Amino acid sequence: MNKRIHYYSRLTTPADKALIAPDHVVPAPEECYVYSPLGSAYKLQSYTEGYGKNTSLVTIFMIWNTMMGTSILSIPWGIKQAGFTTGMCVIILMGLLTLYCCYRVVKSRTMMSSLDTTTWEYPDVCRHYFGSFGQWSSLLFSLVSLIGAMIVYWVLMSNFLFNTGKFIFNFIHHINDTDTILSTNNSNPVICPSAGSGGHPDNSSMTFYANDTGAQQFEKWWDKSRTVPFYLVGLLLPLLNFKSPSFFSKFNILGTVSVLYLIFLVTFKAVCLGFHLEFHWFIPTEFFVPEIRFQFPQLTGVLTLAFFIHNCIITLLKNNQKQENNVRDLCIAYMLVTLTYLYIGVLVFASFPSPPLSKDCIEQNFLDNFPSSDTLSFIARIFLLFQMMTVYPLLGYLARVQLLGHIFGDIYPSIFHVLILNLIIVGAGVIMACFYPNIGGIIRYSGAACGLAFVFIYPSLIYIISLHQEERLTWPKLIFHVFIIILGVANLIVQFFM
């Protein structure tokens, strides 16, 4: 349908609107979605011809809301891996780099002055410059980002569901789950689940009940890696088979509420715990990590996905009332996202109680550093669990549209095709939740992979080609953009050696 609409629109001159597709052949608004991996996915309004009526303030908030997501849970861990000073510098530099690449995406349509590109999206630009290779490669990397996000969601939903059930059980039976875990002894306990497990998260229920048969049965049937991921299958697999996920898009506001509550939670905990910092540039100590660590590429992989909005930024900015403010609004939105990541990451890292705990105890999901019995963390997990359970079917729908729509020309060829695809996606999530429940690792691998194409290679290469065609390409511009491509390739390769 997209190719047909563009074909008809090119049969006449751009000034002649006689063959512009009428509204009744354009997909209905309830079928059009934008998404950012680990951020949000929601129904797009005012998608038809013409620009929307959103003010700059609304546009900035939409970009912030779309980009902001569960990757925020791994930012403190990424800062710990990079070192406090290095981590803050990396967040700022990655924010600037991804902003520039996003700017190049926004400007990519204007580089073709001879064509009417008002209805084009970024995949159309890639198809124009790279042909079918651009189309299929963009599809592949888009699927990588989608399925990677769905796997992270499954791991996190298993985690939150487990801790929610454990909170309820411990509350009913008056059990203190911090007695057998390395933790602080105060009114705001912080735990170190990875202590004694070689630095890896303990995927068991982390509590041992010696003489309580009921508690032992609960531990047997409510295990984070052996049972809870399978319980989610019965709940979420039927939701993935819906023909239209428009119902779930109504809950997009939960994403905003979750992020705002996380900001409140981190601020409250930081006030209660205070700051615990020592600066050692290269040598680690018993309780503190050095300011410069060679594991900093792990943070760049996480941030590539955390700052990823390049696949839908053109769509979001189309709805801006004043198109001349697009670049300004994009810069402000990226600044707010960067400040949010810095705020969460710095406060969690700085307030982590060292001593008695080492900064190396900061988990890939920083909520794991708070015991299941912590009421404020329990509320955060409930918010995030419900939000993810509404976004997950939307991501599954988008994966179905992109894969089945391209292969069969129909997003719902049959219940059999849809069920097979959903079983593969859900199976991948269950396997990772059972055997590799490390969201930081999953985020950085999928982020570096999809970012290689959408963030680093395509924007830079399109800009180089367009300048070359206009005979305006200079050596400084060529060297700078080739360097960006090399950074993207290095960012992907180095993830496999960390």
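A Cβ is built for glycine as well, from the same backbone N, Cα and C atoms used for every other residue.
Note: TrEMBL annotation is automatic and uncurated.
Now, the feature entries from TrEMBL:
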type	residues	note
DOMAIN	56-176	domain 'Amino acid transporter transmembrane'
TRANSMEM	57-79	transmembrane segment
TRANSMEM	85-106	transmembrane segment
TRANSMEM	136-156	transmembrane segment
TRANSMEM	228-244	transmembrane segment
DOMAIN	236-494	domain 'Amino acid transporter transmembrane'
TRANSMEM	251-276	transmembrane segment
TRANSMEM	296-317	transmembrane segment
TRANSMEM	329-350	transmembrane segment
TRANSMEM	378-399	transmembrane segment
TRANSMEM	411-439	transmembrane segment
TRANSMEM	445-466	transmembrane segment
TRANSMEM	478-497	transmembrane segment
Distal contacts, the transmembrane segment (251-276) - CB-CB under 8 A, six or more residues away: 39-43, 65, 68-69, 72-73, 187-188, 190, 340, 343-344, 347-348, 350-355, 370, 376-377, 379-380, 383-384, 386-387, 390-391
Intrachain neighbours beyond the transmembrane segment (228-244), with Cβ under 8 angstroms and 6 or more residues off its ends: 30-31, 154, 157-158, 161-162, 165, 222, 389, 392-393, 396-397, 412, 415, 418-419, 422-423, 425-426, 429-430, 433-434
Cβ contacts under 8 Å made by the transmembrane segment (296-317) with residues that lie 6+ beyond its boundaries: 34-39, 44, 47, 59, 62-63, 66-67, 69, 71-72, 74-75, 78-79, 81-83, 86-87, 90-91, 94-95, 98-99, 101-102, 105-106, 109, 120-122, 142, 145, 148-149, 323, 326, 329-330, 334, 337, 341, 440, 443-448, 450-451, 454-455, 459, 491, 494-495, 498
Folded-back contacts onto the transmembrane segment (329-350), same chain, C-beta under 8 angstroms, at least six residues removed: 56, 59-60, 63-64, 67-68, 72, 75-76, 78-80, 84, 87-88, 91-92, 95, 98-99, 102-103, 106, 259, 262-263, 266-267, 269-270, 275-277, 303, 306-307, 313, 317, 320, 359, 362, 366
Per-state residue totals over the domain 'Amino acid transporter transmembrane' (56-176) - DSSP helix, strand, coil: 105 helix, 0 strand, 16 coil
Same-chain residues at least 6 beyond the ends of the transmembrane segment (445-466) whose Cβ lies under 8 Å from its Cβ atoms: 37, 71, 98, 101-102, 104-105, 107-108, 111-112, 122, 125-126, 129, 134, 137-138, 141-142, 144-145, 147-149, 151-152, 300-308, 310-311, 473, 477-478, 481-482, 484-485, 487-489, 491-492, 495
